[in-house]
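Data block below; observations after.
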Amino acid sequence: MRSIKAASLTPLLAALFTTLSSTLALPSSVWEHQLETNVLALRDTNNNGSSSTISPSFDVTKCPGYKLVGQPQQSQHGFTAQLSLAGDACNAYGVDIANLTLSVVYEKQHQLHVHIYDTAKQQYQLPNGLIFDRPGDNPADIQNGSTADQSDLVFHHTAENGTQSGNGGWAFWIARKSSGDVIFDTRASNIPTYNDGLSSVSSNTKRNTTAMPAHEMVFENQYLQISSALPTGANIYGLGEYVTGSFRRNPDETLQPFFTLDAGTPVDSNMYGYHPIYTEARRGSDGKLRTHSVHLQNTAGMDVLLRRGVIQYRAIGGTLDFRFFSGDQPASSSSSSSGNDKAVATVKNSPNTAIQQYVNFIGNPVIHPYWSYGFHLCRWGYNNVSETQAVIDAMRQNNIPLEVQWNDIDYLQEFRDFTTDPQRFPQKEFAAMIAKLKDNHQHYIPIIDMAIPKAPTNDTDVYYPGTRGDELDVFIKNRNGSQYIGEVWPGYTNFVDQQAENAGKWWTEAIRNFSEIVDFSGIWLDMNEPSSFVIGNAAGPETNLSNTPAYTAATSVAGWPQGYNNLTWGTSGNITVNGSYTYQQGPVQNNDGSKQRRSLLLSRDEDVLVQRDINVNGGNGDKFGPEDPNYQYANSSQRYLSNPPYAIHNGIHISETPLNVNLDKKTVAMEAVGVDGQRAFYDVHNLDGTLEEQHFYNALRDIRPQERPFLISRSTYPGAGKFTGHWLGDNYALWTILPGEEAYKAGAGMAQSIDGVLQFQIFGIHLIGADICGFNRNSDEELCNRWMMLGAFLPFMRNHNTIGAIAQEPFRWDSVANASRIAINKRYEILPSLYSHMAQSAESGEPAVRALWYEFDEVFEQTKDYAHQFLFGDDLLVSPVLEPNVTQIKALFPNAGGKWRNVFSYEALDVEYNKNVTVDAALSTINVHLRPGKVLLTHSKPAYTVYETAQSPYGLIVNLNDQGEAKQTFYLDDGMTPAPTPNSTLTVSAGNNSVNGSIEGEYKAQQNLTYVVVLDVKQKPTQVMMGGNKTEFSWDQQKTLLNVTGLNADLNGSGRFRGLRLELSLLCED
């Protein structure tokens, strides 16, 4: 090490002494954590060989932007160029990086890559292939890329004519070739500035202001800023994971932090997932609605702000790595020598395509096993095998289908992963329970948390996964080479370095050993943001690591759904008590300004929540670490990791944690490193959960190669859908989020589950659902009734609640039991159609669940702000009840060229289209309608399990449009074989008084077709024939419904089927 000059020694020692004075008063677990940061700063200063340091200015108005240097290097698929600072460094929140490289690559006709990175490549970038593969930055190396002539999108910049144009620094913008409309524009002159911060954000200090006083591009070692102009009232969707009052982001006032956090489901904050992707819908200059997607590839914490006319990115690391997706479909798939003609001749642009193009880039979602679309049941608080078995038995006794039983952390011995409690879940009884489930064609899923208990250091305790992890050297470390220790449910814990050489081997061994004692069908991955209950390293030099007491959760829960007053009506949650309705009376504003009959106000007496995330302490009990450092940079290689100068709004509205522990709260310390001393956790924190999912997916493929892995996980990053499904986290037994400031005291309710499902279609994770009836707080009968109905028409269906809350299994209330039977039976009946949508979306990347305007852009203005209704696939319109004490709802039904049909009664909906209308919605019902011109493939006899249901013959429900036509394709496979999966496509079409079907592919359908229901048959046929033979039928004049029965038709035909195999001739009477 270069020696310190005498002149600089005194101030450096004084700074160190001051730091030690403040830290030595703290436990060793905190001061070691902080001392490492300050020593690192001193070391970097010394290496610079100078006493001169750089202090942040906290002022972006001084930032000069960049200028183009030299001539771009052109190639067939794009170009590269060099950028350098256009003036004196501003060092706003770090050290300005003087030299940057611009890479512009036309990767595909619809996909444009723009990457601005430090030429020295010192900034962290996601290694290619770590989660998903992607083209590189050098256009000369691109294989099978597109060209500027072929591209849907045009890249412009202010120096493209050889000289800098306009005022300010270098900037770029992206335009559509077909219309000339600009979709991304970084020119500061086109972007409004805001000198005041957002009114909704209480803290607007120099370190985290939400003001936007300037828009020059900033590229520093710990702060990157870039802005783009937006139209007034921009229609932005995505940028999550988030909970707010609308699927559409507020274009005038949105602050969205990005940093994976164990936080429940907070309103207007960051939470479990990290997805800096948005889809935007705009009216072009020609008045047409077009949609595109914009993705920023990064791993660092960041804030994204929306204010009127602008979107601004603020990242605390990484690079500016954008991809733009046009949302356009080419006129044909054939190649053309005239690429320009091909690009202009686009025939369609759609949100489905804009989302699909992004999902194709990060990797299409996995096809999940068929059984996973059954009903799942869980709660935190099934304390032993007997309680769990009693619930399984009660479900069957009440004839409520149960496909998958889950256990939360209750089954673990002292909350240690890969163990079972010998008293409460003894292996013999536990194995017998699971075996009985398997014998009945049911399934079992246990939870696994990310934190691994520290291997005991005494001779009386053994924890093999911890010991084996030490042997294979897979656990995250401190900078000094010691193991990093956190605290979670088991006490002292390690965390796996997911990129360690032996990480995959360790996970596979642990999962394989666990599978020999617990015969699970899938795994539930939790706490993998990752979550830790301490700030910093929990173990100091003298900590006794054998003392690992497990945490004890509280057991009392207060809080009820809006309008239910437990002080008046008790804790039953019933709709009626002694003949009286239990909702208190009182007017509350609806979304449309009208008054509803019963109050949505909540009595908040003793509103104490039991959460999976407990209060966070500093190591050994201290709450917070030292105050902010006096930021002094020696050079751009030095960083302040736990407490960078720009404080992203991590956990905003959740707690009043001081900014100096902003990033370390509730997670692994940012200074922790990989097993090789590389990869500061600051850079890889947001990847951790998805890398764990990848390890689990690969392990399950290895352990059970003939089965599809099934994972449900909490923390996600782009590409996670290739490995896992997701549930929307620890939500609340609420109808919707609470009003005003009250919203920040709780979180997502039932209404937000729709927003969440739609979000994750954009994020490429299609198996998605919420905790039905709510996780936090006590639920009640009416909320649970409505939620079970809604949950049956979302991809992932699981009822789950917290320890200490009243029980909410479907059999607990008679009306909920009845609603559950109705909803689950219908789900199982139409499961071939739902599964087809999920499988086809996995193959194509298009969303399985869609906002109405995705399919019907003519209703965009009416539906762009809300998600009160949604489409499952392109054919099932779901309109749930999302408020209490109503028997009617307002809903909008697009004009689809025929009659929408209720899938329960087959009755035609007779309403005015493209307007909000009133429809009946009695308790224990839900409005689900089949689109005209579409077909449902069904199981004819829904049963208790998915397996039993699938043994029954197929049926078809054909809803003719006004032209007497219908068409749909269905995906058939065995529901279990991993990809590449032998499958077939069944195509059903109707027209000219006939219904025809054809099947193509490798998979042979296991069941015959037994009935066909044709809707909108206005006259009674004289005969119905199939294959030249008359068939049985009945006709309902009121419903205009033809029911053809007794078919027993082989969908496969003889051998490999080609052509038409089913034909029903409808010879109608005059």
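Even glycines carry a Cβ here, placed using N, Cα and C.
Fair warning: this is a prediction, and the values are worked out from it, not measured in the lab.
Annotation source Swiss-Prot lists active site, nucleophile at Asp526. Residues or ranges marked as active site by Swiss-Prot on the basis of similarity to another entry: Glu529. According to Swiss-Prot, the active site, proton donor annotation covers Asp730, on the basis of similarity to another entry. Look at Swiss-Prot and you will find Asn161, Asn208, Asn384, Asn458, Asn513, Asn574, Asn578, Asn635, Asn885, Asn916, Asn983, Asn996 (among others) tagged as N-linked glycosylation site. According to Swiss-Prot, the feature signal peptide maps to 1-35.
Overlay of Swiss-Prot feature records on the structure.
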residue: Asn161; record: N-linked glycosylation site; Cβ contacts under 8 Å, 6 or more apart: none
residue: Asn384; record: N-linked glycosylation site; Cβ contacts under 8 Å, 6 or more apart: Asp410, Arg424, Phe425
residue: Asn458; record: N-linked glycosylation site; Cβ contacts under 8 Å, 6 or more apart: Ser546
residue: Asn574; record: N-linked glycosylation site; Cβ contacts under 8 Å, 6 or more apart: Thr582, Asp780, Glu781, Trp813
residue: Asn578; record: N-linked glycosylation site; Cβ contacts under 8 Å, 6 or more apart: none
residue: Asn983; record: N-linked glycosylation site; Cβ contacts under 8 Å, 6 or more apart: Ala839, Tyr971, Leu972, Asp973, Gly1001, Glu1002, Tyr1003
For Asn513 (N-linked glycosylation site), the one of Asp526, Glu529, Asp730 that lies nearest, given that the active-site residues are compared by Cα: Asp526
Winner by Cβ contact number (other Cβ atoms within 10 Å) across the glycosylation sites Asn208, Asn996: Asn208
Densest Cβ neighbourhood among Asp526, Asp730 (active-site residues), 10 Å radius: Asp730
Other CB atoms, at most 10 A from the CB of Asn916 (N-linked glycosylation site): 15
The residue listed as 'active site, nucleophile' versus recorded positions Asn635, Asp730, Asn885 - nearest by Cα: Asp730
Nearest-integer angstrom distance between the alpha carbons (Cα) of Asn996 (N-linked glycosylation site) and Asn916 (N-linked glycosylation site): 36
Glycosylation sites (Asn513, Asn635, Asn885), the one with most neighbouring Cβ atoms at 10 Å: Asn885
Distance, Asn916 (N-linked glycosylation site) to Asp730 (active site, proton donor) (CA atoms, angstrom): 32
Close in space, distant in sequence - the residue listed as 'active site', Cβ under 8 Å, 6 or more apart: Thr260, Leu261, Asp262, Tyr272, Lys666, Thr667, Asp688, Gly689, Arg714, Ser715
Candidate nearest Asn208 (N-linked glycosylation site) in space, where candidates are the glycosylation sites Asn635, Asn885, Asn916 and distance is Cα-Cα: Asn635
Rounded distance in angstrom between the Cα atoms of Asn885 (N-linked glycosylation site) and Asn916 (N-linked glycosylation site): 20
Length of the line joining the Cα atoms of Asn916 (N-linked glycosylation site) and Asn635 (N-linked glycosylation site), in Å: 60
DSSP three-state assignment (helix, strand or coil) for Asn161 (N-linked glycosylation site): coil
